[in-house]
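S.K.: The following block contains the structure, expressed as structure tokens.
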Amino acid sequence: MAPTLKGGDAALLPEFPRGPLDSYRARASFSWKELALFTEGEDMLRFKKTIFSALENDPLFARSPGAHLSLEKYRELSFLRCKRIFEYDFLSAGDMFESPLKVSTLIQCLGMYDWSLAAKYVLHTLIFGSAVFSSGSERHFTYIQKIFSMEIFGCFALTELSHGSNTKAIRTTAHYNPATEEFIIHSPDFEAAKFWVGNMGKTATHAVVFAQLHMPGGQCHGLHPFIIQIRDLKTLLPMPGVMVGDIGKKLGQNGLDNGFAVFHKVRVPRHNLLNRMGDVTPEGTYVSPFKDARQRFGASLGSLSWGRVVIMAMAVTNLKLAVSIAARFSATRRQFGPTEDEEIPVLEYQTQQWRLLPYLAAAYALDHFSTSLFLDMVELQRGLAAGDRSARQAELGREIHALASAGKPLASWTAQQGIQECREACGGHGYLAMNRLGVLRDDNDPNCTYEGDNNVLLQQTSNYLLGLLALRVRDGARIRSPLKSVDFLDSYPSILDQRFEVSSVADCLDSAVALAAYKWLCYLLRETHEKLNQEKRSGSGDFEARNTARVFHGRPLALAFMELMVLQSFHEHVHRPCVPPSLRAVLGRLSALYALWSLNRHTALLYRGGYFSDEQAGRVLESAILTLCSQLKDDAVALVDVIAPPDFVLDSPIGRADGELYKNLWGAILQDSQVLERASWWPEFSVNKPVIGSVKSKL
């Protein structure tokens, strides 16, 4: 049964202003309101409306582009806005695990407004806060309330100046002194300075700092997290032994103060060790609830995956904003036509459809997967909080780590490419800063780097898959995982016998076709495994063999596996019995388009491995993509209406919901003070007068 609004509250989903987009909205094959309700549910839509309304009606959030503010002013404003978010009390500490979707929704709503604000909030609550909650014990929970009351302000300090991805090489040390029951936190040199830490530059009072744990006898137990106060709560001056500062202007997100910290023999009490994974007794004995070091490592990986899971949602949000702007622009921008007197919207051109609509489909598919993975992450954290030390819990941590390690690259790269395509698809108007595509591009760019360089992270996923195959080959173990993401690999020998047998475009317009092809791409797992063995037989060590097998083996293996996970999740979602009949066609087309468009990038592998046997297969794939683009063209505006925020938040004249492309753009230009000042001698040059006619008459 189709979802309906309680009491028919039309104010929740009001009609859009009448204008040039009406014709596309009238041609849509579905109701955008029905899809919005099905996708998010009424409670979450109301929550979003509450957030957006609060921002729009609060003078503190009046639009003031960061480019027009000094670095200091922008960062000060971001902190004040972050503080105001806590005053609105959108989320409580309990909501973090009782209503996890509200957490994800709030992050996305704040990011749609400004990623500097969203990142500042996320780093304090979700990254710093969850590190304390998931890695600490009851003795640390007093910090949680202080986080939500902003008595303290936090950051997460893992990366150092000389090491980021290679966490095992982190050089900050924590030596335990049983005589004083203290840890001595020390940076051996400037290369060991904690670096790139968000919130640390100006505002953080406390940090979760990762350091190598050394015992009095000389044994090192590896990286462990500690809570360390780095600034005085009243003066914000550095604490004794701490040198802390800001690293300066970045390419984007300059409202966020990224900083550094150097520790010189800073003493912290024993209980400042976040001790869920490992603890130290007052006498100096190391104890851990995990007897198996592999299980402890798996649990640790899971707790460190929050950042990557959140970045997936951030990247998808950026893609939503970009395609919303570009699709509305394309539906109102008219150029050329069948006759000199008739211009048509550029969305009617096949090239424009092919450039934009696959990214619209990707936004829907990736959004569904990132939300699912976020909920899986919550399940993992609940298990840790409940003291679950089972083998399944540790395996769940490893699986989520593998999914997040490939999910972040896929989402951030897709957004990066999609934003650029949207910028170019909007022509010169897309290059105007006021239309926000440049800001989205700059703010999304770090998603490809922080919390792990994308190409390095893909190695984590390929290593996970190779490890499962190695256990099967060596011990005959079945390939299984808690979330069942890898279960299909258990029958990979028989999958590899399959071939592409679809001969017509009509038979290809279902995501099940691409799903079967993606499962066949586990061919890459076999190829990578054999490549590693070949290198080792030639005399290479494990490190050299893996290095040699990365570019054309391990990397495409991880990406293909991740695309399969996203596709499989979305395919199952859109084919559920609860999907309203009126939405099945459009959701099925989105799923099929994302699937075939993604698969098309692997055409060379499909031919090389023998899954495609003749040129007809490639032609059918390409024709199916174009057919789906054509079928979705009339639905594009309505699909964007579901995911686009209010105009105040979207903040793009060419992407406004009324579709008055030129009026909105012209009005925004005239509101620029420099334009008005130069035109003060010309009374007709006013926003309130018919400017175009006046200009022509003067000429």
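Including glycine, each Cβ sits where the backbone N, Cα and C put it.
As the structure is a computational prediction, the values presented were derived from the model and not from experiment.
Pasting the feature list from TrEMBL:
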ACT_SITE  Glu451  active site, proton acceptor
BINDING   Thr159, Gly198  FAD binding site
DOMAIN    155-266  domain 'Acyl-CoA oxidase/dehydrogenase middle'
DOMAIN    302-466  domain 'Acyl-CoA oxidase C-alpha1'
DOMAIN    512-686  domain 'Acyl-CoA oxidase C-terminal'
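Describe the structural context of each listed feature in the structure shown, including burial, neighbouring residues and relevant distances.
M.R.: Summarising the environment of Glu451 (active site, proton acceptor), the number of other Cβ atoms within 10 Å of its Cβ, over all protein chains shown, is 26.
Long-range C-beta contacts of Thr159 (FAD binding site), restricted to its own chain and to partners at least six residues apart, with a cutoff below 8 Å, comprise Lys194, Phe195, Trp196, Val197.
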S.K.: How many whole Å apart are the CA atoms of Gly198 (FAD binding site) and Glu451 (active site, proton acceptor)?
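M.R.: Distance (Cα to Cα, whole Å): 11 Å.
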